[in-house]
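Enquirer: From TrEMBL, for reference:
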{"type": "COMPBIAS", "residues": "433-449", "note": "compositional bias 'Basic and acidic residues'"}
{"type": "DOMAIN", "residues": "5-69", "note": "domain 'DUF1899'"}
{"type": "REGION", "residues": "420-449", "note": "region 'Disordered'"}
{"type": "REPEAT", "residues": "78-112", "note": "repeat 'WD'"}
{"type": "REPEAT", "residues": "128-170", "note": "repeat 'WD'"}
{"type": "REPEAT", "residues": "176-217", "note": "repeat 'WD'"}
Amino acid sequence: MSWHPQYRSSKFRHVYGKAASKDKCYDCVPITRNVHDNHFCAVNPSFIAVVTECAGGGAFLVIPIKQTGKLDPHYPKVCGHKGNVLDIKWNPFNDFVIASCSEDATVKIWDIPNQLLKRNITTPKKELLGHTRRVGLIEWHPTADNVLFSSGYDYKIMIWNLDVKDAVLSKPVKILDAHKDVVLSMSFNTDGSLLATACRDKKIRVIDPRAGTVLQEGSYKSHKVNKVLFLGNMKKLFSTGTSWWNNRQIALWDQNDLSVPLLEEDLDGSSGLLFPVYDSDTSMLYVVGKGDGNIRYYEISPEKPYLNYLMEYRSHLPQKGIGTMPKRGLDVAACEIFRFYKLIPTKSLIEPISMIVPRRSESYQADIYPLTAAAEPALTAQEWLTGTNKEPLLVSLRPGSEAVKSPPQFLEPEPLTKATDLSQQQGAQGRMSLEDKQKPREIEDGRKRLKVDENLPKNEQMCLSNGFDVFECPPPKTENELLQMYYRQQEEIRRLRELVIQRDIQIKQLELELRNLSTDTGNY
């Protein structure tokens, strides 16, 4: 059982949850009373958005993340829906764009101003009119810019390309109609090439969203699924639901075989839903109970027993929904590895909960902060729709470091058959560093580039800078763009130095082998 594991070495064994003090909470927030099974809260490093009570339609609040304390009862709302708002999600690549869906069968995209709201926002940036019944779920694509998925009670999942100028869109680029009932949950794998869904017909499906085909479909007689989640690049799915006896239950699945779960475990007899949240950087899984104050957390491993129970955060205040802060918004100085925002409607309170690794040192702890997903898209909407897959851009959380790693560009994964000594795995979750995947190609590209540079006239050689054509890549217009270009150049210089060092080591090893061979032949 994962509840009482044997002793195992882990840097996250002593992670604990710490509730924020009252002055760091958001008080007097009119949280929605809707019974829909969603988070009702979305967070990014700039704002916290929460669905609120509103007479005559649906609305949500957008509060600056630093504006804690009591909320003005006349604080402006984002109110343009004619029905209750059921789900809200921030654009992962733009902190000032949020999507919302509602019982009025529409999805709306909103621009949030940089300054403090002074009046209600009633006009959306875009309106998506494709569903015939209420829309219950929305999800942004994890790597492609301006690609949004919506799921409604018409049993359809629609894919929208928001890179168009039209303010009103009535035709999605793709409609997935593989479900016979309401979709309860959607989750993407790391590069967004696969979509996992949980349906009210008790089945879990793994779908290729661009082709619209169901790759895997399965259900288990003793597990009624409610929520499903991709576990990063581990090729596993995690689901929460209920058992035959209405006990709350968790299950782990192989994404390539959904016939029988790898692991199934009853938690308790409470009636509230379980929201799973996975942190692929630390391989930690959080299970948040709706209607209670508990947050259980586990560590995921690729081998048995797969699920290793760590601890449980307990509170007497029940949560209705939950919001999660992206990694780039955490306090690394306090060794904070995750942060939740609990919606407590009985107190009209939003309470931040920080998950902290206890460390004595006050310096940056690189071992608990591997490279994480950056707030920049890896590819455009059109590139993804035409079949390109890319891993997310990665960024370091070290203060002052914004060096974004460029992902490999390919349509399908290519096996590395040569120069395997240059590729190394980085991170406990098994995610390969992007620079490791690029090294064999970089050596060849570097040789080709040298030959090209030798043949070019001097005036043409000046057009190539850092491997990019300066005419294709316009000069930076803002200070932020200039900094990003500077950090990329610094990162490439560091990477090339590492390649040179590795080559020197290989040369010395070969020289030693030759010397040993010569001495051996001399002895004979």
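Cβ atoms are placed via backbone N, Cα and C, with glycine included.
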Enquirer: With a Cβ cut-off under 8 Å, give me the same-chain residues at least six positions beyond the ends of the repeat 'WD' (176-217) that come close to it.
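Expert: Sequence-distant neighbours of the repeat 'WD' (176-217): 37, 136-137, 139, 141-144, 147, 149, 151, 153, 155-159, 223-230, 232-233, 237, 239, 241, 253, 255-258, 280, 378, 384-385, 387, 389-392, 431.
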Enquirer: Within the same chain, where does the repeat 'WD' (78-112) have neighbours whose Cβ lies under 8 angstroms from its own Cβ atoms, ignoring anything closer than 6 residues to its ends? I mean 6 or more beyond.
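Expert: Answer is 32, 34, 36, 38-47, 49, 51, 54, 57-62, 120-129, 131-140, 142, 145-146, 148, 150, 152, 160, 162, 326, 373, 375-377.
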Enquirer: Would you mind giving the whole-number mean pLDDT across the repeat 'WD' (78-112)?
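Expert: The average pLDDT of the model in the repeat 'WD' (78-112) works out to 94.
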